[in-house]
Amino acid sequence: MLSRTVGGRYHILGYLGGGGFGQTFLAEDRHLPGHPRCVVKQLKPRKTDDGALEAARRLFDGEAQALYQLGNHAQIPRLLAHFEENEQFYLVQEYVDGDLLSNELRHRCLPEAEVIEMVLDILKTLSFVHGHQVIHRDIKPSNLIRRRCDRTIVLIDFGSVKQVSSQPVETDGCISITIAIGSMGYMPNEQLAGQPCLSSDIYAVGMLALRALTGLDPKRFRKDPRTSEILWRDLVTVSPAFAVVLDQMVRYDHRQRYPSAQDALQALQALTQSAVSQPSQPPLIAVSDGYLAWLERGDELFQHNRYHEALAAYEKVIQAKPNHEQVWFKCGLAFESIQDFEQAIAAYDRVIQLQPHDYLPWLKRANVLGALQHYDRALAAYDEVLRLQPENYWAWNDRGQLLEKLQQVEEALTAYDRAIQLKADFQLALDNRKRLLLRLQRVETLYQLQYYDEVIAACDRALRQDSDDTGAWLMRGMALENLDRLPEAALSYHQVVMRQKDDHITWFKLGHVMEKLRRYHQATLAYNQVVRIQPDNHWAWYQRGFALQCLSQPRKALAAYNQAIHIKPDFQAALTARQALLNRLTHHQNTSAAKVAHSAEVATTHTNSQS
């Protein structure tokens with residue numbers, strides 16, 4: 001799939017992941033200005049007979065229409081297109097720049113307040129989904145992205161679409177799914193049985209909360225042998241009210257859970273609110289007890305780009321919780337959004353004081369300092385990010401861009417190389433490195449990285465300045481050859497040997513291209529020049545022999561093979577070619593002798609019969 005274009009416009013840049021239901025790719029839309037990035041999901045039906053394919057097609061169209069509606073929410077990627085190609089189904093969605101929640105939870109447990117904040121964020125989005133009578137079916141940390149720009153959680157990879165890749169079975173006019181869609185540990189029993197309901201998603205969110213609180217994989221939680229309920233309360237201490245909410249979210253019997261995300265959201269919001277606002281007035285919240293409500297209000301205002309009001313709400317949280325590092329971080333984001341960069345730096349510095357080992361405030365601090373053109377201070381901040389997280393490929397890329405601005409191009413190239421070593425399909429770093437190499441006219445490096453079109457463009461620019469630049473003609477020919485543009489490659493190599501008649505390397509390359517074009521006479525002439533310049537070049541003698549053999553000159557070919565073997569007695573390619581040619585010549589001689597003998601015998605028989 002890599003480097004392919006699907007749907008006539010979506011060019012695949014890299015592989016993001018996948019499994020039995022299909023594959024996901026990073027792509028760019030070649031039909032829109034600037035080629036914006038997007039995500040392409042390829043779904044392959046398990047059965048491709050006419051009936052199954054038609055059922056999958058109907059299901060795909062229905063699910064796509066549902067996703068179009070869901071894409072109106074700010075925390076669900078928009079569905080940009082859906083289409084079928086070669087009996088495979090494709091979804092094209094908005095690209096979300098952020099970090100998977102699975103990475104965030106991998107190395108630490110979250111305190112209760114952060115878990116409540118996270119669950120509230122998820123349930124708000126899920127309420128919108130359930131309001132459209134859609135079940136997500138696959139809520140888990142790797143299907144949640146904490147968006148880089150605002151730190152809110154985005155819901156991705158709806159399991160309903162995976163039905164297309166499962167095996168549909170007709171039952172009384174309805175399609176049922178024989179494969180349970182979801183992830184073990186986050187799937188309740190009814191979903192395992194292929195009968196998910198809205199409260200199945202509530203179970204998954206509850207298990208996600210327990211995972212965040214305890215650090216334990218959901219599959220490892222003990223269960224009551226009598227009731228099958230999750231036994232978790234001895235693993236972590238939380239407030240009694242929050243424990244009651246969690247218990248109801250993860251009940252074994254779906255009828256005992258909150259029936260939908262809205263019900264669970266209301267129950268959780270009740271924990272955070274200590275006063276009720278008038279309908280037309282901001283909520284009157286007791287700051288000491290209700291800071292989470294102010295936090296929720298600030299987040300909502302932030303989502304609607306009302307940054308000054310969001311900052312006022314966050315200030316209420318800070319009055320109650322002056323060491324709440326997440327709120328300070330959100331203040332930094334809000335200040336950054338209104339371009340109050342000095343205040344943003346102060347907020348990020350406060351986060352760093354509270355969480356000195358957290359790389360993210362250092363990264364944001366570096367970005368803001370770069371925007372202020374304080375490049376030396378920004379570079380120091382990036383160095384601190386990489387001290388804390390040496391394998392942060394984003395930081396390496398951003399550091400490279402900063403080094404470019406400081407005119408430290410070699411160090412910038414090293415930074416881009418490191419980013420790509422850490423993530424081979426990191427397209428932004430790949431593009432930055434290629435752009436810088438082009439700017440520096442590093443043609444040989446571009447060639448080694450297989451950027452052949454860019455090599456040709458760079459060589460053309462060089463040749464416009466100096467048409468006698470044989471190095472540019474040679475690299476141009478090599479790039480064209482790798483792109484199978486052989487006649488053009490031959491013309492470029494001709495330009496070299498016209499100016500440097502003793503360039504044996506280019507003569508050899510010219511001979512090889514002529515062979516590929518089946519112009520064996522010209523190939524032989526080129527190899528003649530190589531052995532004139534380098535009489536002991538065994539490869540040239542061997543290739544000359546091959547070209548002569550293709551010209552039906554076996555004796556001369558045999559002489560060329562013999563010369564190659566004389567120079568290098570263990571040259572296996574020439575030994576094999578010579579033996580094959582000798583066998584053919586022997587067979588030809590035997591056949592010719594047999595024909596002569598047969599003709600003589602026929603003539604003798606004819607003479608005797610006349611006698």
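Even glycines carry a Cβ here, placed using N, Cα and C.
Per TrEMBL, the feature ATP binding site maps to Lys41. Per TrEMBL, the feature domain 'Protein kinase' maps to 10-271. Look at TrEMBL and you will find 291-324, 325-358, 359-392, 393-426, 504-537, 538-571 tagged as repeat 'TPR'.
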With every protein chain in view, what's the tally of Cβ atoms within 10 Å of the Cβ of Lys41 (ATP binding site), excluding that atom itself? 23
What mean pLDDT score does the repeat 'TPR' (504-537) have in the model? 95
State the non-local partners of the repeat 'TPR' (359-392) in its own chain: residues 6+ outside its ends, Cβ under 8 Å from one of its Cβ atoms. 329, 332-333, 336, 341, 344-345, 348-349, 351-352, 398-399, 402-403, 405-406, 422
Residue counts (helix, strand, coil, in that order) that DSSP gives for the repeat 'TPR' (538-571): 27 helix, 0 strand, 7 coil
Excluding the flanking five residues on each side, which residues at least 6 beyond the ends of the repeat 'TPR' (538-571) place their CB within less than 8 Å of a CB in that stretch? 504, 508, 511-512, 514-515, 518, 520-521, 523-524, 527-528, 530-531, 577-578, 581-582, 584-585
Kindly assign Lys41 (ATP binding site) to one of the three DSSP-derived states: helix, strand or coil. strand
According to DSSP, how is the repeat 'TPR' (359-392) divided among helix, strand and coil residues? 27 helix, 0 strand, 7 coil
Helix-strand-coil residue split for the repeat 'TPR' (504-537), DSSP-based: 27 helix, 0 strand, 7 coil
